[in-house]
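Here is what TrEMBL records for this protein:
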type: DOMAIN; residues: 1-88; note: domain 'PLAT'
type: DOMAIN; residues: 99-214; note: domain 'PLAT'
type: DOMAIN; residues: 312-428; note: domain 'PLAT'
type: DOMAIN; residues: 433-554; note: domain 'PLAT'
type: DOMAIN; residues: 797-913; note: domain 'PLAT'
type: DOMAIN; residues: 925-1051; note: domain 'PLAT'
type: DOMAIN; residues: 1080-1198; note: domain 'PLAT'
type: DOMAIN; residues: 1203-1321; note: domain 'PLAT'
type: DOMAIN; residues: 1334-1446; note: domain 'PLAT'
type: DOMAIN; residues: 1459-1575; note: domain 'PLAT'
type: DOMAIN; residues: 1588-1706; note: domain 'PLAT'
type: DOMAIN; residues: 1723-1839; note: domain 'PLAT'
Amino acid sequence: YEVVTITGDERGAGTDANVFVTLFGEYGITPKIHLASIEHDNTGMSASWFLDRVVITDVIRPHLRFYFACNNWLSKEEGDGLYARDLLASMDQMDMPKNKYIVSVFTADMKGSGTDADVFINIFGEFGDTERCLDSDKNNFEKDSEDKFTIEAPNLGKIRKITIGHNNKGSSAGWFVEKQVILDDMGNKVVYEFPINRWFALDEDDGKIQRDILVGADQPTLEGGKFERGLTDIFNVEIAALLSPLSRVTIGHDNDGVSAGWYCEKVVVYCPFTGIEQTFPCGKWLDEKEGDGLIERELYEMVSLRHRRQKHPWSLWIWTTDMPNAGTDADISFQVYGEKNKSDEIRLDNKSDNFEQGQIDKFMQVELPDLGKLTKLRIWHEKINPFAGWHLSKVTLMKTLTKEKYTFPCERWLDINEDDNEVVRELPACGDLIYRLTVCTGDVSGSGTDASIFINLIGDQGDTGERQLINCKNNVNKFEKGNQMDEFIVEAVTIRRIRRLRIGHDGKGGGCGWFLDKVIVREEGKAEAHAVEFPCNWLDRNEDDGQITRELVPFVDGQRLYIGYQITVKTGDIPGGSSDSNVFVKLYGEKGDTNKMMLVVSTNNLGNYFETGRVDIFTVETFDIGQQINRLMIGHTNKGMRAGWFLDSVQIMVPVHGKNYMFPSHRWLCKDEADGKTEVEIYPSEILEMEQVMNYEVTVVTGDVMFAGTNARVFIQIYGEKGKTETITLENRSNNFERNTTEIFKYYFPCNRWLAVDEDDGQIARELVPVDEAFMRQDEDEEGTSATLGLEQKMSTTYTLKIKTGEKKYAGTDANVFAILFGEKDDTLINLKSCKNYKNKFEQGMINEFIVEAVDLGDLEKLRIGHDNSGSSGWFLDWVEVDAPSQGQRLRFPCGRWLDPGEDDGAIVRDLYPADLQTEVYTPVPYEIKIFTSDVFAAGTDADVFIVLYGQNGMCTLQKHLCVNKRERRLYFERGAEDMFIVEQLEDIGDVIEKIRIGHDNRGTNPGWHLDRVEIRRQLRKGKGSETTIFPCERWLAKSEDDGETVRELVASDIITQKLLRDGTLKTTEMEVEDALEAHGYKVSVRTGDMYGAGTDANVFLTIYGDLGDTGERKLAKSENNKNKFERGEVDRFTIEAVDLGQVFKIRIRHDNTMVGADWYLDQVEVQDEDTEEVYMFVCERWLSTKKEDKRIDRIFYVKAVIPYHFTVSTGEDRDGSTTARVYVIVIGPNDAETDRLWLDLAEGKKCFAAGGMEHFVCYGADVGEIKRVELGHNGVTPESCWLVDELSVAVPTKGIKYIFPCKCWLAKDRGDGLTVRLLNVLDSSTINIIRKVIYSVSVVTGDTQYAGTDTNIFLTVYGANGSTEEMLLPKNGDFERDQEDTFTLEIDDIAPLKKIRVRIDGTGSRPDWFLDRMRNLTTEEEYLFTYENWLSNTKGPKRTKVCELPAVVDDEEMVEKTTYIIQVQTSDVGGGTDANVFLIVFGEYGDTGMLPLKESTNRNKFERKMKDVFRFPDMLSLGELSKVRVWHDNKPAPGWHLEYIDVKDEAMDQTFRFPCDRWLAKNEDDGQIIRELACANNDSIDLSDKTEYEIVTITANTDNASTSENAWIVLEGRKARSKEFVLENKKKKFLGATDTFEFSSKHLGEIAGICLGHITKDGKKVKKEVFWHVLEVVVTEKEMGNYFFHCDAQILLAAKKDQFQTFECYKSVESFASKVRKLVPVKYEIIVITGDVKGAGTDANVFITIYGVNGDSGRRQLRQKSRNLFERGQTDRFVVEMLDLGELLRVKVEHDGNNSNCGWFLECVEITNTANSVTTIFLCGKWLDANKADGQIHRVLYPRY
């Protein structure tokens, strides 16, 4: 921005004070400046200043010019005494925006409330802010007064807040502001109120003398919080404005107290009005002594963690009556009922002054769910307090948003000694009712009880809540044995019809067990006949099922209406995590919710409940709360010695609904931990489908005769029409049920198979399945034939089980293990005894394999696995994998748990369910395939015949071999034979079989085969019957017959359908296939590379894939044009016949590695569809070899493009944070375009994503455009696979962008929110611009010379016209062998066109010498060739060098020429010269020379005082124009050196470049640097007063009506000046969809920032109709400055005058080399390095930095200082380094040398300031540079974050 100040024409208007300006704008594409604040510091002799106006110009967009009128003094003495003013912007210089604000301030009427201090106010609006001192001369701000002030200021727009305060001067500075400050905006006619009512005094209130106040509200201060380590503090904050959703929050503290420093993890803000909960991560210190020293931070939301809660805010007012002793000290609880729902029980903590006599207590933040219209309120208190009695007048509830209000009158006591002794009252919104209860105790031994009994009646409209049954109306001693009937009365608001009741006791007392026979409920005033009876039985821990609370339903027709919920509670495995408190749970469903249910009797009965690391299982029976559980509440009563509890997770199984709910918690429920809560609501993270079961109540009546009872284990299995139950053990009960069959079907069980070890498949046992009678009879009319039933009698199914025992200590077992597979059709028991691969089974870490034969079970639904607990029985099972080929399923059943009575939940049998992400599933269909061999001479074959079936849209089966062994191959496919095969292991390809591929392997004695036809039959999907498709062939499949093909593709001709009718007969229909697929011919051209050894004699196989299918693998047997196939440099042509493939998109090509010369260099493959004439090109340029490159002989090539994505994943430091699961990423762009699931598979040797580790991956995926979201997940489902992700970064090098997503959350089933998938939003990420890369294919050819190959490391540096790359290590896939071509895909900076490369070897390895023949770089546009044909070696070849530079050759033309550089070094006449070794790098247009050691001088003693040394470097590649040299020495003996200048002569150009220095290179002189960069002095600076030439190129669109016959005109907006209007004259038919060039002479404008473009008539006549010129792009070139590109793509309207035009901004500029060189001036850079404040963060290693800018790089500089211990934990180190101006900084590379034992280093960030222009660039790191931590790297490349 250019700022121009105009001082007014007044006497004494000038100032010698320091003037400051602050600009206020908005972010956006075209920022507009709203406001400027200008002030001075009142220093100097004459500080007063009369400012007329300020003009500010956006230099990048010169047409944006803003005028700020002032016309006022900035002076303490003149005018209004202000020397800081806010000025408002205007685009019109005549405009002077002003506004008046009237401020009214009220001082309170209390002692000492007035102030003598100077009061100020700062008003903040949407356009800026203004600060004013409120005049306090005339005794303003006195006690009980109102003061008014008028403020003139710019129009600030809508006012958001004010800051008001004083400077604490004067004798009584303290000030109390009453009520509010009123601000009257006169210009906008708005009045704002700012409530205050607080002290502004150091010794009152909170000690503040300045406050920020929002409109209508106080700024929230978080008072009363603990802010202790690991705790969560919760605050209710009220402000007047509804801000949710928030954009950011500011949090800070006042730094008061002894330990003020605070580490804030995160802030979570929930707004009840919108229901939005937002998370603002912090994870930083707010401490002056830690980190960056800030005690206030702005936090931004992590959008992907945003939640919406479904609750509404209400305000609750409670009136206590004005009677004596009406108040209470007890805690009050209430519950609200509505037509839709009811609330939870809500407790109102009784602070000392609540619920007092005659008082109204207001609770403003009560959250209730959507209840609909309210019907009643229940209110009660804890009677345990001595002063608990309470007389309640009424309760009101008001919905905050809608102001909907309900009043609930009471006017009664809640007191055990008053009224009716009740402490529970139901307050109606409709009439009261009285319910009479009769409780009948049974007549069995021990049936009575002394425990406290409670009851809850539940009806259609709510419930009564739990009521203690204390006042019995008819018996003094309640609940005694002997059918005693006790009567009680319950007063409640009507709950309509009673559906169920809940009754129970507290389990206290010696004989607390109780046999409750029944409960009878009757409404007062209704007849006995209307009473409802609720039967029950034992409520005793030691009887029946051990429950002491039951939910009872009316006895109607013998039906019980409740269902069972199995609740599994896992206590966390952390110290102190167990609890001895009473735990309760409450479930919420779509139909309603349960009561709080105490978990007192567990099913797995582990003795002590809720112990660390254990799992407790409870079964509760309650009414059905709906098909879906929405949430649960779980907590404890906080009683007991160790009440605090760490709850890991809850799992709820509802067998009746077939659902399994996972509720992760992983948090404390403890008064002294985290947020202090002892109860919490949890939402399900996952709902799994499980087997749905029904509740059957089994009643067993044992006869009343002697010895009728039994102690044996009794089993029951129930059979029905739909199947059977499992075997159920009835503990100590008998069984009297037999199977009741209601209908008899007649079935046949055919076999037609051998039961013999040496026949068929060797099985001696078979399971037979029934078949309908009609199918048995269909062939009976044919004499002597039996039914050929293939499909109808499907064979048994083979299942392969793999069982993985965990890696934990003592994980193995010697017990007998069994498994039961449950399918949708049946189940089967398997004893796992005979393991295929290990004799000693189930050992730690082992995978055991078992093969099982069973009848087809259908889709597998679950697996039950367990053991008999014999031997050393404890077993940790990791997973079970079941491979069911007939199902086409390989299912993984994860377990990750102990089967051990002493671990986990003590279970030794577990039900496992398949995990979706780990399951490979395809749908199998059985096919009956009949093969008809022709009846011609030698038609039969002994070869191995295979078949593939194709459906629509390219769906196909896998290739299936029809014969199992040699014996079958000899038996089948004889002349004239008909062979039938039943094939189960094939995928479902849909309803239509469009084609088949059939062929053989051409082996055996008589492989030639004449196939007549193929018939394929399968069962109908609907109804009983089958469909047969006929595929005629009538051709040879033989090498020596017909066309020599052994594979044919056959198309369907006819379809025969057989359907079973209702009368039991079979109907047959036959039809021809219409629109059968056409056969296409595909011409395949295969080009073998032209290099030594490229040809192959191996057998080559090709598969072509299209969107309609594939050809299957075809052998490329007979070349149409070469007798000897696949020879060096040759093209071989083949024709493949196949059914139409559609659009071809990939090929697979391989060879079988047979014969001596198997290695093959494949150049390219071209596929042409003869019918459509479309050509598909596949560029290969790779070896298919087991010895070369990546040693692969099988490759896939694609037509469609993919791009690389670079992923870096950091795992958190938590001890359980690592995972062995398989991790994936899906990248999602606009319109939900997404990549495939990209699996991040770890490198060999790495087993897991380790805690604290960092892993890097490169994956290729579809280009989705601009990234919007990233899905990160893994396939683990067991507790072992939990993973704490710290951060994910996604870099897209081809776009030059990197996204860093902070994650800091668990991906785990049992941690965090229970999700193993996280959707990361790009709004949460930091975006960094990185170097844009282009994908190159690089081929390296090693020479054909003895010992030419090498195993050394080879490095490559590439130089282009637009910069150079860093040195890259070529990835080694094996060694670089003699006469071998190795191909690499490299990501290279976008620097094209390429000029040269530098190749370097490091001489390591056993064969350090290398003979390099040539290199090729291939892009999509052109090919660059680099030829060397020489040794890189210190011992071989004429050059004896390990480095070479090769010029790029394009179309036989070298991009750079050879030259000799003569370097003259002039040592100054200062000091004594140097004996150190001196080195030099020369930089120019085409890169640099690399390091040149200055050894061979014309003088024997080099670098002596006043001496000139000349060095000659022949055979160098010319750098073109030179820009700078970097010179340094190694500081060896007598190192100090004063260098005067260096001259570099390019002999080819015959030009000398001068690089002046005149500085020391010495550690003890000058600035202590021994490295200097010297700029070239040849380029004179541009005289901007001179004229220059501008070339303007316009590109007109190549569309209809884009061109014009009229003229155009242009104005160039430069940063120095604006050009006149240039007319682009339309001579010779320009602007006709082409590129047109114009040249103009003009004054120098500086850099071009924008253009104005117009379209004008040639003769100035009026325009009669709308005419446009469609311009695509304009390029402006100035030779000295560079090129400026303007993307227009706009329609320019024709006009008669130059008053209509469009403006365009420069989107890209390419600076000329000369311009870059002129900017190279020495600049001092301040480098600040901040070491992190974590354990072991400091380093003693030597640290180096390389800084990269648009003008080049700094070279590697060591960061050192004398006598200072650098880079210590939490330390900030500052360095000043001089180097040539780098321009805008792009990145830095920070590294250390790893020396010293304490070399690991945690680098927080680097800040670099250019001291010449004071621009600071911050490079955040926050990572380790440590060989033993994170990713093991000791260097980091950091990019700036803006």
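Cβ coordinates come from backbone N, Cα and C, glycine included.
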How about the domain 'PLAT' (797-913) and the domain 'PLAT' (1723-1839): at least 3 CB pairs under 8 Å, pairs 6 or more apart in sequence, or not?
no
What mean pLDDT does the predicted model reach across the domain 'PLAT' (1080-1198)?
87
DSSP helix, strand and coil counts for the domain 'PLAT' (925-1051)?
9 helix, 58 strand, 60 coil
Contact between the domain 'PLAT' (1723-1839) and the domain 'PLAT' (925-1051) (at least 3 Cβ pairs under 8 Å, separation 6+):
no
For the domain 'PLAT' (1588-1706), name the stretch out of 1-88, 99-214, 925-1051, 1080-1198, 1334-1446 with the most CB-CB pairs under 8 Å.
1-88
Looking only at the recorded stretches 925-1051, 1080-1198, 1459-1575, which one has the largest tally of CB-CB distances under 8 Å to the domain 'PLAT' (1334-1446)?
1080-1198
Please list, for the domain 'PLAT' (1588-1706), how many residues fall into helix, strand and coil according to DSSP.
0 helix, 68 strand, 51 coil
Range from 1-88, 99-214, 1080-1198, 1459-1575 with most C-beta pairs under 8 A to the domain 'PLAT' (925-1051):
1080-1198
Could you put numbers on the helix, strand and coil content of the domain 'PLAT' (433-554), residue by residue per DSSP?
3 helix, 57 strand, 62 coil
Residue counts in helix (H, G, I), strand (E, B) and coil for the domain 'PLAT' (797-913), per DSSP?
0 helix, 62 strand, 55 coil
Quick check on the domain 'PLAT' (99-214): DSSP residue counts for helix, strand, coil, in that order please.
0 helix, 65 strand, 51 coil
